[in-house]
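These notes are about the structure you will find just below.
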Amino acid sequence: MVMMIIIYTEPEISLFPLQDRSEELSSNVENGSCNSNEGINPETSSHWIENVVKVRKPYTVTKQREKWSEEEHDRFLEAIKLYGRGWRQIQEHIGTKTAVQIRSHAQKFFSKMAQEADSRSEGSVKAIVIPPPRPKRKPAHPYPRKSPVPYTQSPPPNLSAMEKGTKSPTSVLSSFGSEDQNNYTTSKQPFKDDSDIGSTPISSITLFGKIVLVAEESHKPSSYNDDDLKQMTCQENHYSGMLVDTNLSLGVWETFCTGSNAFGSVTEASENLEKSAEPISSSWKRLSSLEKQGSCNPVNASGFRPYKRCLSEREVTSSLTLVASDEKKSQRARIC
């Protein structure tokens, strides 16, 4: 007895009919069966077309327009008449819309009114006055500014006139500060009252880019300290001694032969002095007499000079230095 076993298998449902159909078509082409009627049923073809079409996702509107009701629009018009463009106050008046929504609605409403202004008749609709735009707020401090510095003391009129003539900038420093900074230019001497300064003629000197007032005194200053006078005389005596020593060591007559002036310091001092003409002229007469006595031949140039001639030259140089010191004392300027 033969037992026959029949295995029944269910047909597999393919999830991708398009792929299966393409495989069948390719197998038919390979076998040579190009007939369109073979293996194609009208029922299966319609089912295949339906599966091919993809379903689009529904379009979700993320931002919906806020619709204004008639009541809200009427409140909006009332608030515009009351508050103009005060959006916060209009928001409180309406109660259901935000300030941003009210401002956008007003912009659309105003543009619509401007377009319909020509076609609209005056009697049909009441004219709504569009409020003018609010002025922009100016910043209280747009950029930092320097506060004006109050001047403690006004500059004298003579200084301003001289600065206009010289085209130099005015100094912001006070008079006391300038005195402290320029102490090295002034000598340690007691100053007189302001009345004496005003009576004396004043001249200006530009010193390191600053204008300095100098009071010229016609008469010799009477008030000097004894210590200052002693220091000045000591310095002058030391300077005169150094000058005589250099003249003796180098030889004045040799320099006269070469054409250089050994008494250059004496001549510079004599050029600067104007008031003491008589003593300087007498001293120069003595020097000229000494020059006439000496000759420029090499015999006189070499060797030492007589003792009497050296003494006379020392007297001349000492007298010149004393005259120069007296003139310096008389021409001392007051710098303020």
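Note: Cβ is positioned from N, Cα and C throughout, glycine not excepted.
Note on the DNA-binding region (87-110): DSSP counts are 20 helix, 0 strand, 4 coil. What Swiss-Prot lists as DNA-binding region is 87-110.
Secondary structure by DSSP for the compositional bias 'Basic residues' (134-144): 0 helix, 0 strand, 11 coil. Annotation comment: Swiss-Prot describes 134-144 as compositional bias 'Basic residues'.
The compositional bias 'Pro residues' annotation in Swiss-Prot covers 145-158.
What Swiss-Prot records for 167-189 is compositional bias 'Polar residues'.
Annotation comment: Swiss-Prot describes 60-114 as domain 'HTH myb-type'.
Residues annotated as region 'Disordered' in Swiss-Prot: 114-197.
Averaged across the DNA-binding region (87-110), pLDDT for the predicted model comes to 91.
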